[in-house]
Amino acid sequence: MSSNKGKDVAEGSSRSSSASAGGSGGGDQKQQPPPLSRYESQKRRDWNTFGQYLRNQRPPVALSQCNSNHVLDFLRYLDQFGKTKVHLQGCVFFGQPEPPGPCICPLRQAWGSLDALIGRLRAAYEENGGLPETNPFASGAIRVYLREVRDSQAKARGIPYKKKKKKRNPIKANSDNSNFPMQ
């Protein structure tokens, strides 16, 4: 019992205060923030992982000293945990969308996963006090790297990447123009 009493005090438990308030309960409970969305949870995990990566560098890198080269190194580091087979140029299955057998080509992070990761880290950087002008995740070098990964993976799989065209809503386009009087 005495171990619980110390724990209650250390954690700021409301158990003792609710007992003294006549057992009404619920009066001293703290409001819990709403649970994070899946996106927000993933963004927080990604941000913490990147921070840990920087701390593990020799010498450790402060976030304020981080640049696009550190981000590129992080993306290359993540490749070892990838699950997407990317056929090398000399592989007999290079350029085949559905290879008939296994090969020794490496597993890599899929382009879509890297693209989404950079989007989350870019947002997290600014949410954690970084300036948009110094955001290493928004660098041109990162965009070039992602484009190269996308193109090489598409070529290795024999599936060309085609950007989806946005469809314009003709009704909305006409109604937008009707708000302005003709002179």
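Just so it is clear, glycine is given a Cβ too, placed from its N, Cα and C backbone atoms.
Listed features, source TrEMBL:
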- 1-42: region 'Disordered' (REGION)
- 1-10: compositional bias 'Basic and acidic residues' (COMPBIAS)
- 12-21: compositional bias 'Low complexity' (COMPBIAS)
- 38-165: domain 'ALOG' (DOMAIN)
- 156-183: region 'Disordered' (REGION)
- 160-170: compositional bias 'Basic residues' (COMPBIAS)
- 172-183: compositional bias 'Polar residues' (COMPBIAS)
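Within the domain 'ALOG' (38-165), the DSSP-based counts of helix, strand and coil residues read 77 helix, 4 strand, 47 coil. Note on the domain 'ALOG' (38-165): mean pLDDT across this stretch is 92.
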